[in-house]
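*Asks:* Sharing a structure, written as structure tokens. Questions coming.
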Amino acid sequence: MVKVLGLVAILLIVLAGNVLSYDRQGTRKNLVIHPTNEDDPTFPDQVHISLVGPDKMRISWITQSSISPSVVYGTVSGKYEGSANGTSSSYHYLLIYRSGQINDVVIGPLKPNTVYYYKCGGPSSTQEFSFRTPPSKFPIKFAVSGDLGTSEWSKSTLEHVSKWDYDVFILPGDLSYANMYQPLWDTFGRLVQPLASQRPWMVTHGNHELEKIPILHSNPFTAYNKRWRMPFEESGSSSNLYYSFNVYGVHIIMLGSYTDFEPGSEQYQWLENNLKKIDRKTTPWVVAVVHAPWYNSNEAHQGEKESVEMKESMETLLYKARVDLVFAGHVHAYERFSRVYQDKFDKCGPVYINIGDGGNLEGLATKYRDPNPEISLFREASFGHGQLVVENATHARWEWHRNDDDVSVEKDSVWLTSLLADSSCKI
């Protein structure tokens with residue numbers, strides 16, 4: 001049956017026009033990860049957590065049979081003074097796949113910088129997990145990596161990230177690379193569970209989450225929206241495809257490259273209102289995240305609508321709001337730009353960083369444009385991850401760590417000053 005599903009998926013990819021037009025190198029094989037306990041259909045599988053408002057956490061997991069979605073939690077292992085109930089759902093994809101029961105439970109209020117122990121499904125569950133909430137003071141530490149996938153390189157990246165004591169993981173789109181072959185979503189959930197069950201993972205979608213097939217499956221983002229529910233309602237958004245959240249001192253805006261972004265569209269109006277509501281006294285740093293990069297000197301993905309037209313539509317909004325950083329994925333390489341606005345250096349513009357280098361099966365985008373544009377300060381086609389440490393209201397440090405023969409090597413680093421600290425860039 002698995003072979004049949006694989007052949008169907010390959011055929012559908014071709015029919016959908018999802019054929020790459022440039023060479024990829026440095027691939028490693030994809031992983032297949034089975035459930036930890038296949039004998040127990042109620043055993044929690046693919047556990048991950050995400051932030052919900054200032055003091056709550058969403059616990060998400062999958063079971064193979066129907067259960068009452070509930071979570072018990074507490075600050076001492078084995079002692080659970082808190083409990084909460086949630087919702088469950090599932091989905092079909094074509095006629096050949098049905099997901100397990102996807103459970104979502106929001107717990108809280110929670111204390112900052114505190115370890116909580118929890119069980120999915122109630123106190124009788126045999127598996128205990130734990131997570132730590134983000135702190136309520138600086139420094140704040142973000143791990144960043146996009147285009148992750150389920151390859152051996154993906155596993156290597158996650159192993160490097162796990163050795164760093166970060167607070168929140170940010171993924172700028174292209175999660176599982178299921179490409180319509182739904183069992184890869186399950187493998188992805190199991191691959192990231194050791195990290196995603198311990199720290200909040202905040203994600204946005206990419207082109208590989210679309211999974212739309214004319215006539216056969218007309219509803220895009222089915223798996224993504226069901227499996228990775230983000231706090232969109234809490235930020236006034238009407239769609240799981242774009243939202244915002246706060247971690248102490250930092251406002252983060254997760255934008256949708258593959259949904260409406262034209263002036264006057266719902267996302268545009270939401271972004272406009274969201275930016276107006278930012279209190280720079282309490283959140284002096286503002287970070288935006290997209291999938292398709294607005295600046296890119298790699299040969300890959302040049303001239304795509306989602307990059308060019310979204311930039312034309314929204315760049316000025318971010319510039320006028322003095323957004324400090326913009327992360328993107330899509331291009332399977334690393335690149336850091338200077339502060340930019342309208343294709344030129346501008347000290348009041350955001351720093352743009354492309355980090356679609358998580359390790360997916362497609363490999364690396366190794367061809368760069370020559371000569372190197374002046375605004376591109378560092379570029380390298382290697383897998384890896386980034387570390388953003390917001391030290392205080394005015395300064396942050398960015399590091400990019402390359403996966404080098406399975407050893408994490410720091411290759412690029414820079415100190416950043418908040419635009420709020422520059423008197424000439426005052427809003």
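Cβ atoms are placed via backbone N, Cα and C, with glycine included.
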*Asks:* Among N113, N179, N207, find me the residue Swiss-Prot lists at the same substrate site as H330, V331, H332.
*Replies:* N207
*Asks:* If Swiss-Prot gives D174, N207, H330 as binding Zn(2+), which of H251, H291, H385 does it give for that site as well?
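*Replies:* Same Zn(2+) site in Swiss-Prot: H291.
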*Asks:* Let me know which member of D147, D279, D346, D370 Swiss-Prot also records as binding Fe cation at the site of D174, Y177, H332.
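*Replies:* Of the residues offered, the record points to D147.
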*Asks:* Using DSSP and three states only, what is H301 (active site, proton donor)?
*Replies:* coil
*Asks:* Between D174 (Fe cation binding site) and N207 (Zn(2+) binding site), how many Å separate their Cα atoms?
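*Replies:* The separation of the Cα atoms works out to 7 Å.
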*Asks:* Need the DSSP three-state call for N85 (N-linked glycosylation site) to compare against my parser.
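*Replies:* It is in a strand.
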*Asks:* Using Cβ-Cβ distances, find the residues under 8 Å from D147 (Fe cation binding site) that belong to the same chain and are at least 6 apart in sequence, listing them in sequence order.
*Replies:* P172, G173, D174, Y177, G206, G329, H330, H332, G356, D357, G358, G359, N360
*Asks:* List only the single closest residue to N392 (N-linked glycosylation site), chosen from the recorded positions N85, H291, H301, V331 by CA-CA distance.
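*Replies:* Closest by Cα distance to N392 (N-linked glycosylation site) among the recorded positions N85, H291, H301, V331: H291.
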*Asks:* Apart from N207, H330, V331, H332, which residues in this chain have a Cβ no more than 8 Å from the mean position of the Cβ atoms of those residues at the substrate site?
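*Replies:* Close Cβ neighbours, site residues excluded: G146, D147, D174, G206, H291, A292, P293, A300, H301, G329, G356, A365.
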